[in-house]
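Some notes on the structure that comes next.
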Amino acid sequence: MGHSRRPAGGEKKSRGFGRSKAAADVGDGRQTGGKPQVKKATFESTKKKEIGVSDLTLLSKISNEAINDNLKLRFEHDEIYTYIGHVLVSVNPFQDLGIYTDNVLQSYRGKNRLEVPPHVFAVAESAYYNMKSYKDNQCVIISGESGAGKTEAAKRIMQYIASVSGGTDSSIQHTKEMVLATNPLLESFGNAKTLRNNNSSRFGKYLELEFNTNGEPVGANITNYLLEKSRVVGQITNERNFHIFYQFTKAAPQKYRDLFGIQQPQSYLYTSRSKCYDVPGVDDSAEFRDTLNAMNVIGMTEGEQDDVFRMLAAILWIGNVQFAEDDSGNAVITDQSVVDYVAYLLEVDAAQVNKAFTIRVMETARGGRRGSVYEVPLNTVQALAVRDALAKAIYFNLFDWIVQRVNASLTARGEVANSIGILDIYGFEIFEKNSFEQLCINYVNEKLQQIFIQLTLKAEQDEYAREQIQWTPIKYFDNKVVCSLIEDKRPPGVFAALNDACATAHADSSAADNTFVGRLNFLSQNPNFENRQGQFIVKHYAGDVSYAVAGMTDKNKDQLLKDLLNLVGTSGNQFVHTLFPEQVNQDDKRRPPTASDKIKASANDLVATLMKAQPSYIRTIKPNDNKAPKEYNVGNVLHQIKYLGLQENVRIRRAGFAYRQTFDKFVERFYLLSPKTSYAGDYTWTGDAESGARQILKDTSIPAEEYQMGITKVFVKTPETLFALEAMRDRYWHNMAIRIQRAWRNYLRYRTECAIRIQRFWRRTTGGLEFIKLRDQGHQLLNGRKERRRMSLLGSRRFLGDYIGVGNKGGPGEMVRNGAGISGSEDILFSCRGEVLVSKFGRSSKPAPRILVLTNRHVYIIAQNLVNNQLVISSERTIPIGAIKAVSASNLKDDWFSIVVGSPQEPDPLVNCVFKTEFFTHLNNTLHGQLNLKIADHIEYNKKPGKLATVKVVKDPAVARDDSYKSGTIHTGPGEPANSVSKPTPRPKQVSARPVTKGKLLRPGGPGGGPSKLAARPTPAAQPLPRATPQPAAPQPAARAVPQPVAAVAASHTRTGSTASVRAPPPPPPAAAPAPKKPTAKVLYDFNSQQSNELSIKAGEIVQIVSKEGNGWWLCMNMTTSAQGWTPEAYLEEQVAPTPKPAPPPPPPAAPRSTPAPATNGAAAAAKAKPAPPAPPAKRPNMAARKAVPTPPPAPRDSAVSMNSHDSSGGSGRGTPNSMSNASLAGGLAEALRARQHAMQGKQDDDDDW
């Protein structure tokens, strides 16, 4: 039996455990399935080690001492709950352990008791689950002595059931609130501080929660027993009256203080006699607010609350009526004002109150006829008794009225299907002086112990014998003899003797007591009874108790004098008549029922109610008499263990069966688990119920030693077996639901896939029509006047517009937008990287990279500059759309055009953009088709404000791809004919048809499709791994294990004809990647430097090439001295690195190693020839003003390249040295700008006319 531990932090988890209809444990078995769900093992750092054993049936040695030691060990570690099978043993911790929080409560939902540690919530879960699953009424019997924690356990059960019982209807929620509100209300009127318990229940309560067929609470009913009304008029030292008196006197609102004269508790005799006004840790004012709130939740009106508090005030003032003796020894009232106030509160005449307290009206009868009436004065003792009798009667009837009012509010608001009862009654009591109240309390506890014995001990053994189950009988003490001693009439028991004494000598209390003592002599032969002088001893199951005889007969009479009944009958307050509804019948000669008769009838009714339900048990234990946490009195607890019979309970549990059920009910519950008893949820077994039960147990693989078959029932030994059966049953429905869900999901998947395929086809057919339409507008705008580039006519070309993403949120596009200050209200129509021809003083015009952005309002030319090593993006030129007069372009395929503005302050921009036609189209649409597009053999623009200039465009077949601008002329290659249009959109690549769905519920071709092609496709045979061919590779990171495919692993273990005799050697590792070599050159001629930025070289030397310039000079480095400088290109011969030969094939190496031919010394041959060196170029780069930058091969044209691109020209690839090799945005652009500045230094402006 596995048990989980409580997690760290002090909070416990628990689980519900079920019980059968034959009063045995029925586990709910709610687990994840029949087969255990194996999870990956992990280290549970927060898991606590179990303290002792959580179930006493697991003890290696069964004895009272072993049980005590285990309880003590767990108590010291704050583990207060322990199981005996399905019985919960609870030790009162006298402190809050934090184990009743909402999180802990939720952890019990749907759990059986083997999944989490013991807890009172587990009992509540079990009772609620069994009520819903098996439709049986449940009850929870909480037993133990006063102060052991019975009331707290009852409240926690109510808390749990109210939380998990569901129901969203407002009436159901209101019912839950009212049920919970009964706790503070009844506790304030029925609980008090005693020497053993600060919140001792001084009445018994059986709360019956009523549920509908859905397990939702619809009502409740409360039955109260044995209110200790004598506490109203007197308490011993350090005990208190009922809580409500202290709450009312301390926290009564001013309204009640003025209306009822309420003062502090020290002002009243009934609350000050014991000199105890407070309870440690209890705020009476806060408790009074809770009481008022509970009254409101229950539905008490303000008038009803006023009547209740009027009666409480009347009781307090009645206690302050004092008496003195007159000259004749009769009682007289000392303070008439108190009587007047009592009369005001009861709304009766003050003179009648005075007469009722001091005079008794007696009537003589003769021959069955009414005789004379006499008024007999009372002495002070008799007067005090009458006063106290009235106070006790008012409070007793008031408490009954409150219970009835609560029941009226909790009346079921729907059909009641089942119920759960919770019995909370004060436990066994043994005081120094025990009287009639203790006899009644202990008698009820004897009856409860008898139920426990009958249902858990005797009934269990009787059933085993009746069902012919193999069983070893266990001896136990049956306390039925003690119950008979107290309640039997023949032979007369204690109650019968007491009633006889009251009837024989009713006039004199002392005579009645003496008569009672005489009657008790007839019980002296009973071994469980001893009669002593003035007292008698009853040997209860909890121990021997000595009861004092004095005053018992008066308490048993339980009658209110007719004088007091007549007094309250004259009251003008209707609520008083409600409390005392009976009318005084002067002619009734029948003996009214005594208190012992009432308690005996109530106890028998309670037993009958409990026997109709399936009980769960909580046995509470009080660890010490000091109400101190962490204190464990071994002797006291051992005594409780003995009289609660825990040892016998453990022995019977160890030898018994956890679950039993009739054959037909068992088959009805579990027939789904066998394929021979069910099909598709229907019962198909044709044999009898017993054979069906055997078949179910066989098909579920339950071991034979785990169950026995009786005459009418099947007996399952351990709860784990039952939990497994319940789990399998739950899994059956789970599997059925999964099947339905799988079919439905497969259908939804099929429908979705069909829709997707239709949408995909539609998008392929109609997708991008807007972009294609825009592209066709571009063709119409050019109107066959301009040659086209081949890539512009591709069928897949679309006019997408915003290539940089300036209109997007986030990314480089947003940074460009923010840097250029483009308003968020402007729509981005077009963005692209390009170049603008820039003229500077003393220099030639050169193309510079720019970003071209077109919105619905402006054309932005955006520059990116490096300022203090920081990239700054700004708008260099902002042109309103309305200011554009024309756009000028050539009739060749070049990408240059000018935006003619004619501004008197600024020149017109000459722009190079690969997406020129798209720009023209968007600009034309923005101008509503009014764009003046000039196409000629040249480009016109205002180079300076007011100065018109032309740029020649020359077709040069030597220009392979890109345009080049130099000295006012653009050189471009031949293009496609001017009347060319875009090619048709290419058809997508054909792919093999895929099935719409996969799975067995729907065929791959769909619900009406043909057979699956996937099923007919042969599985490829496993192939051996190919041999790896070594080849140069780039440096790789550290190798890690890579799982092989299953086919490859299977092939590696397959013996074939070629590998059966000789095992192939492992493939060699791949060759290490060679380090990249830097370009070098051999010096052909001597060169002596003339300037400081030149490098002197000697013929035959090998120098490293740092960079190459197109003007005839290379920047080289002496590999010996590391000196750098410019050298003539004609003086050098670049060394080409030899291509490495592939590595030889893997072994066996059969071919011999070849000897390479000796290399020719080219340098020596060149030295022998001694040709004349050529003249160095006229121009040399300026070493001081130029930083050497490696020149990579030309990049493809791309105007939508990202800002981290390697192409500094923005994709045009013309006019600007490429230097963007850094990965970062700022670094790449900064490097490009710096390189361009260096390149522009030292140049002459060939066509500058400044």
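The backbone N, Cα and C atoms fix where each Cβ goes, glycine too.
Sequence-distant neighbours of Ser146 (ATP binding site) (same chain, 6+ apart, CB under 8 A from its CB) are Thr194, Arg196, Asn197, Ser200, Tyr426, Gly427, Phe428, Glu429, Lys622. Ser146 (ATP binding site) carries neither a helix nor a strand DSSP state and counts as coil. Taken from Swiss-Prot, the feature ATP binding site applies to Gly144, Glu145, Ser146, Gly147, Ala148, Gly149, Lys150, Thr151.
Under the heading compositional bias 'Pro residues', Swiss-Prot lists 1021-1035 (among others).
As annotated by Swiss-Prot, compositional bias 'Low complexity' applies to 1036-1051 (among others).
Sequence annotations record features per position, and here Swiss-Prot assigns compositional bias 'Pro residues' to 1064-1077 (among others).
The annotation compositional bias 'Pro residues' is assigned in Swiss-Prot to 1139-1151 (among others).
The compositional bias 'Low complexity' annotation in Swiss-Prot covers 1152-1170 (among others).
The annotation compositional bias 'Polar residues' is assigned in Swiss-Prot to 1201-1222.
Per Swiss-Prot, the feature compositional bias 'Low complexity' maps to 1223-1232 (among others).
Feature annotation from Swiss-Prot assigns domain 'Myosin motor' to 51-730; the stated evidence is sequence analysis.
The domain 'IQ 1' feature in Swiss-Prot is assigned to 734-754.
Annotation comment: Swiss-Prot describes 755-780 as domain 'IQ 2'. Long-range Cβ contacts of the domain 'IQ 2' (755-780) within its own chain (Cβ-Cβ under 8 Å, at least 6 residues beyond either end) map to 797-800, 917-918, 920-922, 924-925, 981-982, 985, 988, 996.
Annotation source Swiss-Prot lists domain 'TH1' at 788-978.
The annotation domain 'SH3' is assigned in Swiss-Prot to 1076-1137 on the grounds of sequence analysis.
DSSP assigns Ser372 (phosphoserine) to a strand in the three-state reduction. The feature phosphoserine is assigned by Swiss-Prot to Ser372.
Look at Swiss-Prot and you will find 419-501 tagged as region 'Actin-binding'.
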CB-centroid shell, 8 A cutoff, ATP site Gly144, Glu145, Ser146, Gly147, Ala148, Gly149, Lys150, Thr151, site residues removed: Asn92, Asn197, Ser200, Tyr426, Gly427, Thr620, Lys622
Nearest-integer angstrom distance between the alpha carbons (Cα) of Glu145 (ATP binding site) and Ser372 (phosphoserine): 52
Distant-in-sequence Cβ neighbours of Gly147 (ATP binding site), under 8 Å, six or more positions away: Asn92, Thr194, Arg196, Asn197, Ser200, Lys622, Asp625, Lys627
Around the Cβ of Gly144 (ATP binding site), the count of other Cβ atoms that are within 10 Å: 25
For the domain 'IQ 2' (755-780), the mean pLDDT of the predicted model: 85
Euclidean distance between Cα atoms of Ser372 (phosphoserine) and Lys150 (ATP binding site), Å: 54
Per-residue Cβ crowding (10 Å cut-off), top of recorded positions Thr151, Ser372: Thr151
